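Chemist: Have a look at the structure that comes next, please.
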Amino acid sequence: MSNSELKHMQTLLPEWVETSRQQALHGKVASYIPELAKSPKDALGIHIVGAEGQVASAGDCGISFTMQSISKVFTLILALMDNGEEAVFAKVGMEPTGDSFNSMLKLELVQPGIPFNPLINAGAIAISSLIAGSSREEKSARVLDFFRNLSGNRALDYDNDVYLSEAKTANLNRSMAYFLKDKQVLQGEVEEVLDVYFRHCSISVTCADLARMALVMAHNGTDPVTGAELIPRRYVQIAKTFMITCGMYNASGEFAIQVGLPAKSGVSGGILAIVPGRYGIGVVGPSLHRKGNSIAGVHLLETLSRTFDLSLF
Ligand code: GLN
(Lines of atoms letter the chains of each structure in order from A and count residues from 1; the text may use other names and numbers.)
(Lines give C-alpha, C1' and ligand atoms only; values in the text may rest on other atoms or scores of the structure.)
Protein backbone atom coordinates (compact mmCIF):
# COMPACT_ATOMS: atom_id res chain seq x y z
CA MET A 1 0.00 0.00 0.00
CA SER A 2 2.55 2.58 1.08
CA ASN A 3 4.84 1.61 -1.80
CA SER A 4 2.22 2.34 -4.43
CA GLU A 5 1.13 5.43 -2.51
CA LEU A 6 4.71 6.74 -2.53
CA LYS A 7 4.90 6.08 -6.27
CA HIS A 8 1.68 8.04 -6.70
CA MET A 9 3.12 10.88 -4.59
CA GLN A 10 6.24 10.87 -6.74
CA THR A 11 4.16 11.54 -9.86
CA LEU A 12 2.46 14.55 -8.24
CA LEU A 13 5.21 16.16 -6.16
CA PRO A 14 7.25 17.92 -8.89
CA GLU A 15 4.27 19.99 -10.05
CA TRP A 16 3.11 20.72 -6.50
CA VAL A 17 6.59 21.96 -5.61
CA GLU A 18 6.46 24.44 -8.48
CA THR A 19 3.00 25.66 -7.42
CA SER A 20 3.93 26.00 -3.74
CA ARG A 21 7.23 27.67 -4.61
CA GLN A 22 5.25 30.75 -5.71
CA GLN A 23 4.31 31.28 -2.06
CA ALA A 24 7.92 32.11 -1.23
CA LEU A 25 7.27 35.58 -2.70
CA HIS A 26 4.97 36.38 0.21
CA GLY A 27 7.48 35.54 2.93
CA LYS A 28 10.93 36.55 4.15
CA VAL A 29 14.16 34.69 4.88
CA ALA A 30 15.16 34.96 8.58
CA SER A 31 17.84 37.59 9.10
CA TYR A 32 18.09 38.01 12.88
CA ILE A 33 20.78 35.33 12.64
CA PRO A 34 22.79 37.16 9.93
CA GLU A 35 24.17 34.01 8.31
CA LEU A 36 20.64 32.71 7.63
CA ALA A 37 19.92 35.74 5.44
CA LYS A 38 22.10 34.10 2.77
CA SER A 39 19.61 31.22 2.34
CA PRO A 40 18.05 30.81 -1.13
CA LYS A 41 14.61 32.39 -0.75
CA ASP A 42 12.91 30.54 -3.62
CA ALA A 43 14.22 27.09 -2.78
CA LEU A 44 11.69 24.38 -1.99
CA GLY A 45 12.31 20.67 -1.56
CA ILE A 46 10.54 17.67 -0.07
CA HIS A 47 11.69 14.14 0.73
CA ILE A 48 9.35 11.41 1.97
CA VAL A 49 10.61 8.03 3.17
CA GLY A 50 8.64 4.86 3.92
CA ALA A 51 9.31 1.93 6.25
CA GLU A 52 11.30 -0.09 3.73
CA GLY A 53 13.42 2.89 2.82
CA GLN A 54 11.48 3.66 -0.37
CA VAL A 55 11.32 7.39 -1.17
CA ALA A 56 9.44 10.11 -3.02
CA SER A 57 11.19 13.45 -3.44
CA ALA A 58 11.07 16.61 -5.50
CA GLY A 59 12.49 20.11 -5.75
CA ASP A 60 15.66 21.39 -4.13
CA CYS A 61 16.34 18.37 -1.94
CA GLY A 62 20.08 18.61 -2.37
CA ILE A 63 20.50 21.79 -0.32
CA SER A 64 21.82 21.70 3.23
CA PHE A 65 20.34 23.88 5.94
CA THR A 66 20.60 24.09 9.72
CA MET A 67 18.05 22.35 11.91
CA GLN A 68 17.39 25.37 14.15
CA SER A 69 14.26 24.71 16.22
CA ILE A 70 13.71 21.26 14.69
CA SER A 71 16.63 20.13 16.86
CA LYS A 72 14.58 20.96 19.98
CA VAL A 73 12.45 17.83 19.51
CA PHE A 74 15.50 15.61 19.69
CA THR A 75 17.27 17.39 22.54
CA LEU A 76 14.00 17.04 24.47
CA ILE A 77 14.08 13.30 23.76
CA LEU A 78 17.74 13.04 24.77
CA ALA A 79 17.07 14.98 27.98
CA LEU A 80 14.19 12.58 28.74
CA MET A 81 16.46 9.60 28.10
CA ASP A 82 19.13 11.14 30.36
CA ASN A 83 16.90 12.29 33.23
CA GLY A 84 13.42 10.72 33.00
CA GLU A 85 10.06 12.45 32.77
CA GLU A 86 9.78 13.75 36.29
CA ALA A 87 13.08 15.63 36.31
CA VAL A 88 12.46 17.16 32.87
CA PHE A 89 8.96 18.36 33.65
CA ALA A 90 10.15 19.95 36.88
CA LYS A 91 11.96 22.42 34.57
CA VAL A 92 9.56 22.89 31.64
CA GLY A 93 5.79 22.85 31.25
CA MET A 94 3.50 21.10 28.77
CA GLU A 95 1.35 23.94 27.46
CA PRO A 96 1.42 25.98 24.24
CA THR A 97 1.96 29.71 24.63
CA GLY A 98 0.25 31.20 21.58
CA ASP A 99 3.21 33.61 21.50
CA SER A 100 6.15 33.72 19.12
CA PHE A 101 9.01 31.23 19.61
CA ASN A 102 11.37 33.77 21.16
CA SER A 103 8.85 35.52 23.39
CA MET A 104 9.66 36.12 27.06
CA LEU A 105 6.16 37.32 27.80
CA LYS A 106 4.94 34.32 29.77
CA LEU A 107 8.15 33.43 31.56
CA GLU A 108 7.04 35.05 34.78
CA LEU A 109 3.43 34.00 34.57
CA VAL A 110 2.45 30.67 36.06
CA GLN A 111 5.17 28.96 38.03
CA PRO A 112 7.83 31.67 38.17
CA GLY A 113 10.52 31.05 35.65
CA ILE A 114 9.32 27.74 34.25
CA PRO A 115 9.01 27.96 30.45
CA PHE A 116 5.64 26.87 29.11
CA ASN A 117 7.00 24.08 26.88
CA PRO A 118 10.28 22.64 25.55
CA LEU A 119 9.78 23.80 21.95
CA ILE A 120 9.89 27.55 22.56
CA ASN A 121 13.37 29.02 22.91
CA ALA A 122 13.22 29.48 26.69
CA GLY A 123 12.10 25.86 27.17
CA ALA A 124 14.68 24.48 24.76
CA ILE A 125 17.47 26.40 26.52
CA ALA A 126 16.33 24.88 29.83
CA ILE A 127 16.38 21.46 28.14
CA SER A 128 19.95 22.05 26.89
CA SER A 129 20.99 22.36 30.53
CA LEU A 130 19.67 18.83 31.17
CA ILE A 131 21.81 17.07 28.57
CA ALA A 132 24.24 14.75 30.40
CA GLY A 133 27.99 15.29 30.05
CA SER A 134 30.90 16.65 32.03
CA SER A 135 31.73 19.55 29.68
CA ARG A 136 30.10 21.58 26.91
CA GLU A 137 32.14 19.58 24.40
CA GLU A 138 30.94 16.25 25.77
CA LYS A 139 27.31 17.40 25.86
CA SER A 140 27.44 18.67 22.28
CA ALA A 141 29.22 15.51 21.14
CA ARG A 142 26.47 13.39 22.70
CA VAL A 143 23.79 15.46 20.93
CA LEU A 144 25.55 15.16 17.58
CA ASP A 145 26.06 11.44 18.01
CA PHE A 146 22.37 10.95 18.84
CA PHE A 147 21.31 12.96 15.77
CA ARG A 148 23.71 10.94 13.60
CA ASN A 149 22.17 7.68 14.83
CA LEU A 150 18.64 8.89 14.21
CA SER A 151 19.37 10.14 10.71
CA GLY A 152 21.55 7.15 9.82
CA ASN A 153 24.03 9.74 8.53
CA ARG A 154 27.36 9.52 10.35
CA ALA A 155 28.60 12.57 8.42
CA LEU A 156 26.08 14.94 10.04
CA ASP A 157 27.94 17.97 11.44
CA TYR A 158 27.67 21.62 12.48
CA ASP A 159 27.52 24.57 10.15
CA ASN A 160 30.19 26.57 11.91
CA ASP A 161 29.32 29.88 10.22
CA VAL A 162 25.69 29.68 11.38
CA TYR A 163 26.80 28.63 14.87
CA LEU A 164 29.14 31.61 15.20
CA SER A 165 26.59 33.98 13.69
CA GLU A 166 23.92 32.95 16.20
CA ALA A 167 26.31 32.92 19.17
CA LYS A 168 27.31 36.50 18.35
CA THR A 169 23.83 37.94 17.93
CA ALA A 170 21.75 36.01 20.50
CA ASN A 171 20.97 38.82 22.92
CA LEU A 172 17.38 37.72 23.39
CA ASN A 173 18.24 34.06 24.02
CA ARG A 174 21.04 35.17 26.34
CA SER A 175 18.68 37.30 28.38
CA MET A 176 16.23 34.39 28.72
CA ALA A 177 19.01 32.06 29.82
CA TYR A 178 20.17 34.47 32.54
CA PHE A 179 16.57 34.89 33.66
CA LEU A 180 16.20 31.09 33.88
CA LYS A 181 19.44 30.88 35.84
CA ASP A 182 18.16 33.44 38.32
CA LYS A 183 15.01 31.33 38.81
CA GLN A 184 17.14 28.18 39.26
CA VAL A 185 15.45 26.51 36.30
CA LEU A 186 18.68 26.40 34.36
CA GLN A 187 21.38 24.09 35.70
CA GLY A 188 25.07 24.84 35.36
CA GLU A 189 26.93 27.69 33.73
CA VAL A 190 24.80 29.92 31.49
CA GLU A 191 27.26 30.42 28.63
CA GLU A 192 27.99 26.70 28.53
CA VAL A 193 24.27 25.88 28.26
CA LEU A 194 23.84 28.49 25.53
CA ASP A 195 26.76 27.01 23.64
CA VAL A 196 25.14 23.55 23.69
CA TYR A 197 21.90 25.18 22.47
CA PHE A 198 23.51 27.22 19.63
CA ARG A 199 25.42 24.15 18.51
CA HIS A 200 22.41 21.87 18.24
CA CYS A 201 20.49 24.56 16.35
CA SER A 202 23.36 24.76 13.84
CA ILE A 203 23.51 21.06 12.92
CA SER A 204 23.39 20.93 9.14
CA VAL A 205 21.00 18.52 7.40
CA THR A 206 19.22 17.80 4.14
CA CYS A 207 15.54 16.95 3.66
CA ALA A 208 16.56 13.27 3.46
CA ASP A 209 18.18 13.46 6.93
CA LEU A 210 15.05 15.03 8.42
CA ALA A 211 12.85 12.43 6.74
CA ARG A 212 14.89 9.57 8.26
CA MET A 213 14.71 11.13 11.73
CA ALA A 214 10.95 11.54 11.29
CA LEU A 215 10.65 7.93 10.10
CA VAL A 216 12.12 6.69 13.40
CA MET A 217 9.48 8.71 15.23
CA ALA A 218 6.75 7.46 12.87
CA HIS A 219 7.71 3.97 14.02
CA ASN A 220 7.68 4.77 17.73
CA GLY A 221 11.43 5.04 18.14
CA THR A 222 12.58 2.02 16.15
CA ASP A 223 14.34 2.59 12.83
CA PRO A 224 12.21 0.39 10.54
CA VAL A 225 15.03 0.18 8.01
CA THR A 226 17.73 -1.16 10.39
CA GLY A 227 15.56 -2.46 13.24
CA ALA A 228 17.60 -0.43 15.77
CA GLU A 229 15.65 0.71 18.85
CA LEU A 230 16.76 4.31 19.21
CA ILE A 231 14.11 6.02 21.38
CA PRO A 232 11.76 4.60 24.04
CA ARG A 233 8.19 4.63 22.75
CA ARG A 234 6.92 6.79 25.64
CA TYR A 235 9.34 9.60 24.76
CA VAL A 236 8.28 9.52 21.12
CA GLN A 237 4.70 9.83 22.34
CA ILE A 238 5.60 12.88 24.45
CA ALA A 239 7.56 14.51 21.64
CA LYS A 240 4.84 13.92 19.03
CA THR A 241 2.24 15.46 21.31
CA PHE A 242 4.35 18.58 21.77
CA MET A 243 4.80 18.72 18.00
CA ILE A 244 1.02 18.80 17.51
CA THR A 245 0.39 21.41 20.21
CA CYS A 246 3.53 23.60 19.90
CA GLY A 247 5.65 22.39 16.95
CA MET A 248 4.67 25.14 14.55
CA TYR A 249 4.87 27.87 17.22
CA ASN A 250 1.85 30.14 17.34
CA ALA A 251 0.57 28.64 14.08
CA SER A 252 0.25 25.14 15.57
CA GLY A 253 -3.56 25.25 15.75
CA GLU A 254 -3.92 26.26 12.12
CA PHE A 255 -1.35 23.67 11.03
CA ALA A 256 -3.22 20.94 12.97
CA ILE A 257 -6.39 21.86 11.09
CA GLN A 258 -4.83 22.26 7.64
CA VAL A 259 -2.24 19.44 7.76
CA GLY A 260 -3.02 17.42 10.90
CA LEU A 261 0.40 15.83 11.40
CA PRO A 262 2.99 16.11 14.20
CA ALA A 263 5.59 18.51 12.81
CA LYS A 264 8.39 20.84 13.83
CA SER A 265 9.69 23.83 11.96
CA GLY A 266 12.87 25.89 12.20
CA VAL A 267 13.76 29.43 11.14
CA SER A 268 16.08 28.08 8.45
CA GLY A 269 12.88 27.02 6.64
CA GLY A 270 13.05 23.32 7.48
CA ILE A 271 10.01 21.28 8.54
CA LEU A 272 10.07 17.73 9.87
CA ALA A 273 6.70 15.97 9.71
CA ILE A 274 5.56 12.53 10.81
CA VAL A 275 2.87 10.30 9.32
CA PRO A 276 2.56 7.86 12.24
CA GLY A 277 3.14 4.23 11.33
CA ARG A 278 4.00 5.19 7.76
CA TYR A 279 6.28 8.00 6.60
CA GLY A 280 8.95 10.43 7.64
CA ILE A 281 8.92 13.76 5.79
CA GLY A 282 11.58 16.47 5.46
CA VAL A 283 10.85 19.81 3.79
CA VAL A 284 12.91 22.92 3.19
CA GLY A 285 11.79 26.35 1.99
CA PRO A 286 13.69 29.26 3.58
CA SER A 287 11.11 31.98 2.93
CA LEU A 288 9.11 32.29 6.16
CA HIS A 289 5.62 33.38 7.10
CA ARG A 290 5.64 36.08 9.81
CA LYS A 291 5.05 33.38 12.45
CA GLY A 292 8.36 31.76 11.52
CA ASN A 293 7.32 28.72 9.46
CA SER A 294 8.30 27.99 5.85
CA ILE A 295 5.52 29.58 3.82
CA ALA A 296 5.93 27.41 0.73
CA GLY A 297 6.71 24.32 2.85
CA VAL A 298 3.45 24.59 4.77
CA HIS A 299 1.54 25.13 1.52
CA LEU A 300 3.10 21.99 0.06
CA LEU A 301 2.30 19.91 3.17
CA GLU A 302 -1.31 21.12 3.06
CA THR A 303 -1.66 19.89 -0.53
CA LEU A 304 -0.01 16.57 0.31
CA SER A 305 -2.08 15.95 3.43
CA ARG A 306 -5.37 16.86 1.79
CA THR A 307 -4.79 14.83 -1.36
CA PHE A 308 -3.69 11.68 0.46
CA ASP A 309 -5.94 12.16 3.49
CA LEU A 310 -2.99 12.05 5.89
CA SER A 311 -4.49 14.14 8.72
CA LEU A 312 -4.70 12.29 12.03
CA PHE A 313 -7.95 14.02 12.85
N1 GLN B 1 18.38 29.08 16.91
C2 GLN B 1 17.13 29.78 16.74
C3 GLN B 1 16.89 30.74 17.88
O4 GLN B 1 17.25 30.43 18.99
C5 GLN B 1 16.02 28.77 16.67
C6 GLN B 1 14.68 29.43 16.52
C7 GLN B 1 13.79 28.77 15.53
O8 GLN B 1 14.16 27.97 14.68
N9 GLN B 1 12.56 29.19 15.60
O10 GLN B 1 16.36 31.80 17.70
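Numbers here mean position along the shown chain, with the first residue as 1.
Positions of Cβ are set from backbone N, Cα and C atoms, glycine also.
So TrEMBL has the following annotated:
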BINDING   S69, N121, E166, N173, Y197, Y249, V267  substrate binding site
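Mind mapping these onto the model and telling me what they sit next to?
Modeler: Following the DSSP three-state reduction, the secondary structure of S69 (substrate binding site) is helix.
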Chemist: Which binding-site residues from the list S69, N173, Y197, Y249, V267 come close to ligand 1, meaning a Cβ under 6 Å from one of its atoms?
Modeler: S69, N173, V267
Chemist: Helix, strand or coil: which one is Y197 (substrate binding site) in, per DSSP?
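Modeler: In three-state terms, Y197 (substrate binding site) counts as helix.
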Chemist: Count the Cβ atoms, other than its own, that fall within 10 Å of the Cβ of Y197 (substrate binding site), considering every protein chain shown.
Modeler: 28
Chemist: Quick one: largest C-alpha distance among S69, N121, E166, N173, Y197, Y249, V267, binding substrate per the record, in angstrom?
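Modeler: It comes out at 20 Å between the most distant Cα atoms.
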